[in-house]
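Look at Swiss-Prot and you will find H451 tagged as active site, for 3-hydroxyacyl-CoA dehydrogenase activity, backed by sequence analysis. According to Swiss-Prot, the feature substrate binding site maps to D297, N501, Y660. Swiss-Prot lists M325, D344, V401, V402, E403, K408, S430, N454 with the feature NAD(+) binding site. Taken from Swiss-Prot, the feature region 'Enoyl-CoA hydratase/isomerase' covers 1-190. Residues or ranges marked as region '3-hydroxyacyl-CoA dehydrogenase' by Swiss-Prot on the basis of sequence analysis: 312-715. What Swiss-Prot records for E120, E140 is site 'Important for catalytic activity'.
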Amino acid sequence: MIYEGKAITVKALESGIVELKFDLKGESVNKFNRLTLNELRQAVDAIKADASVKGVIVSSGKDVFIVGADITEFVDNFKLPEAELVAGNLEANRIFSAFEDLEVPTVAAINGIALGGGLEMCLAADYRVMSTSAKIGLPEVKLGIYPGFGGTVRLPRLIGSDNAVEWIASGKENRAEDALKVGAVDAVVAPELLQAGALDLIKRAISGELDYKAKRQPKLEKLKLNAIEQMMAFETAKGFVAGQAGPNYPAPVEAIKTIQKAANFGRDKALEVEAAGFAKLAKTSVAESLIGLFLNDQELKRKAKAHDEIAHDVKQAAVLGAGIMGGGIAYQSAVKGTPILMKDIREEAIQLGLNEASKLLGNRVDKGRLTPAKMAEALNAIRPTLSYGDFANVDIVVEAVVENPKVKQAVLAEVEGQVKEDAILASNTSTISINLLAKALKRPENFVGMHFFNPVHMMPLVEVIRGEKSSEVAVATTVAYAKKMGKNPIVVNDCPGFLVNRVLFPYFGGFAKLVSAGVDFVRIDKVMEKFGWPMGPAYLMDVVGIDTGHHGRDVMAEGFPDRMKDERRSAVDALYEANRLGQKNGKGFYAYETDKRGKPKKVFDAAVLDVLKPIVFEQREVTDEDIINWMMVPLCLETVRCLEDGIVETAAEADMGLVYGIGFPPFRGGALRYIDSIGVAEFVALADQYADLGPLYHPTAKLREMAKNGQRFFN
């Protein structure tokens with residue numbers, strides 16, 4: 001053994017060839033934390049000191065190669081002054097450069113995922129051989145930063161600036177065949193041939209058949225582009241990427257600027273340029289929010305995994321109520337491998353559900369994400385039925401009938417008598433109390449809520465609602481099934497609107513107040529889209545459906561009359577009464593035409609102004625900042641109340657619910673992190689400025705206490 005640490009070992013394989021193996025003890029994956037970086041330095045020194053070493057193969061003892069840097073360390077690291085961040089990055093890069101400068105050839109054997117720092121380690125090697133099952137990429141832009149271990153320097157010099165810009169600015173993972181095509185790897189082999197492939201390359205380099213020094217040299221030099229080529233490559237890329245990423249996500253464009261700025265430098269000077277830009281991005285609020293989201297997502301996954309221990313295995317599912325929603329649920333279950341019965345009382349509804357599932361599967365085939373054989377397999381896993389004949393072996397039933405408590409209670413009571421005693425019943429409801437629905441059941445302990453968001457195949461969140469009598473097994477089994485369906489489940493306790501809709505309706509309430517104050521809804525949409533929402537509130541209400549919004553608002557007003565009941569007619573009332581129901585009937589706040597792809601396209605319709613005129617009670621001058629605050633303050637305060645009321649257990653779950661469920665701007669991190677970014681005391685003072693708008697704008701006593709004590713939601 002040449003070197004042995006807790007994350008890295010170096011041992012002889014054969015005739016001067018050594019293996020530098022990453023295998024971080026006590027962890028399921030390899031990652032670059034402080035320990036691993038320090039051991040890499042020591043391992044490189046040990047290799048340098050051993051004159052018998054003729055070549056080095058870099059490998060992994062895990063199923064993955066290296067997933068990247070340890071993101072949990074980012075939080076503390078990024079609090080350091082910018083100069084210290086730059087110095088720390090340069091120190092880390094000296095380790096990678098020392099490996100790259102070894103006087104012997106090096107080969108990286110990529111057995112699994114190599115992302116971020118994992119790929120950057122491979123780029124420092126002379127040759128790369130990749131398993132057909134592996135993926136590589138530099139996803140740092142998704143965290144608001146860019147590669148900091150030499151990725152912006154080595155990758156462009158290896159695969160060309162155009163390819164490197166695409167890889168780095170998109171943050172995408174790349175399959176083996178694509179990596180080989182652009183020259184990111186030198187060979188692709190079957191998993192079982194990986195070590196043999198690496199040995200073959202290293203032996204050919206040692207023998208002189210391959211000139212490893214010539215292979216290494218371009219990575220040490222400036223980019224081979226003249227001034228005109230640079231301008232054409234980088235200016236075009238910056239314009240395109242800026243349009244794709246938008247103004248709220250600076251990292252992709254900054255990465256291109258860094259590659260451009262370092263293009264005329266050799267490796268070491270180029271690494272200094274990278275380190276300076278990396279440190280600047282690391283200090284932005286966008287990076288703080290996106291890293292926070294990543295860590296929140298990891299917490300969600302840990303919490304969901306904790307349910308596995310007591311969850312029953314779902315081998316057969318059923319959905320009650322076909323149509324678009326039922327078809328979407330059936331599709332999601334079947335495509336992820338769980339066969340499902342789809343029951344309705346009407347043949348035409350069954351056909352609608354099957355058509356929806358078939359359409360979604362067909363779309364995946366068209367995009368190359370599914371083979372026709374797999375599509376047929378998934379369709380065969382959806383069994384339509386008009387009766388309960390096959391329900392005896394069902395493990396979970398998702399009820400997705402009309403949003404009416406009496407209908408749901410009747411259907412749930414009926415199906416309870418048709419399934420085995422330990423089968424779980426789950427209601428896909430967005431507003432109706434789970435405790436109320438449970439009253440119709442003989443076994444309420446087996447009943448939970450399972451709120452899917454529309455469209456089911458696109459929205460990642462599922463709210464699993466725990467009723468007063470729901471057992472932990474019922475909750476755990478539903479969480480496990482949601483995970484199996486490829487969703488991100490969050491467990492919440494029962495209340496009107498649960499988490500997401502309870503928070504969304506105060507946001508709509510702020511919007512209603514603005515329209516009633518004479519503010520143009522088109523202007524409101526533009527301001528909120530610029531703030532970062534995927535669509536403005538008027539457009540969102542049209543997509544949801546004015547009738548759905550009208551019903552939901554009434555449910556919320558009944559549940560929280562002190563702050564959500566408004567005696568005055570609102571814009572939603574006016575549109576509902578005028579039968580302007582949104583996209584579903586072609587007119588709501590906007591009118592809708594069909595575009596070339598057959599999708600609804602919104603256009604302004606002057607007729608709506610006459611519909612809205614009776615509900616405009618004043619003409620108030622408001623700034624764009626006022627518009628944001630009228631809407632965001634009540635949303636944030638309701639999120640705080642959900643946390644304080646125990647509807648959601650943690651701040652992380654609350655924020656992720658909003659990002660996954662309603663498209664809260666990810667670069668702002670969620671409602672509670674948004675409060676943190678303003679400062680709790682400053683947010684309370686801001687809310688107090690709008691106190692005259694009503695109780696939705698009044699901070700809770702506990703939040704005032706947090707402000708007084710200088711506390712935050714995230715430390």
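Using the three backbone atoms N, Cα and C, a Cβ is placed for every residue, glycine included.
Where Swiss-Prot records a feature, it is marked here on the structure.
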| residue | record | contacts (Cβ under 8 Å, 6+ apart) |
| --- | --- | --- |
| E120 | site 'Important for catalytic activity' | F96, L138, P147, F149, G150, G151, R154 |
| E140 | site 'Important for catalytic activity' | G68, G116, Y146, P147, G148, G151, I168, G171, A251 |
| D297 | substrate binding site | N488, M656 |
| M325 | NAD(+) binding site | A400, N428, F452, N454, V456 |
| D344 | NAD(+) binding site | L320, G321, A322, G323, G326, I350, G353, P384, L386 |
| E403 | NAD(+) binding site | T429, S430, T431, I432, H551 |
| H451 | active site, for 3-hydroxyacyl-CoA dehydrogenase activity | N428, T429, S430, V462, E463, V464, I465, F498, V500 |
| N501 | substrate binding site | S430, T431, G552, M556 |
| Y660 | substrate binding site | M459, P460, L461, N488, I490 |
When pLDDT is averaged across the region 'Enoyl-CoA hydratase/isomerase' (1-190), the result is 97
With NAD(+) as the bound species and M325, D344, V401, V402, E403, K408, S430, N454 as its recorded binding residues, calculate the greatest Cα-Cα distance and give it in Å as a whole number. 20
Output the one of V401, V402 that, of all these binding-site residues, has the highest number of other Cβ atoms within 10 Å of its Cβ. V401
Candidates S430, N454: member of the binding-site residues with the richest Cβ shell (10 Å): S430
Where does E403 (NAD(+) binding site) sit by DSSP, helix, strand or coil? coil
How would DSSP class K408 (NAD(+) binding site) in three states? helix
Just counting, how many other CB atoms are there within 10 A of the CB of K408 (NAD(+) binding site)? 23
Would you identify the secondary structure of N501 (substrate binding site) according to DSSP, in three states? helix
Using DSSP with the three-state reduction, classify the residue listed as 'active site, for 3-hydroxyacyl-CoA dehydrogenase activity' as helix, strand or coil. strand
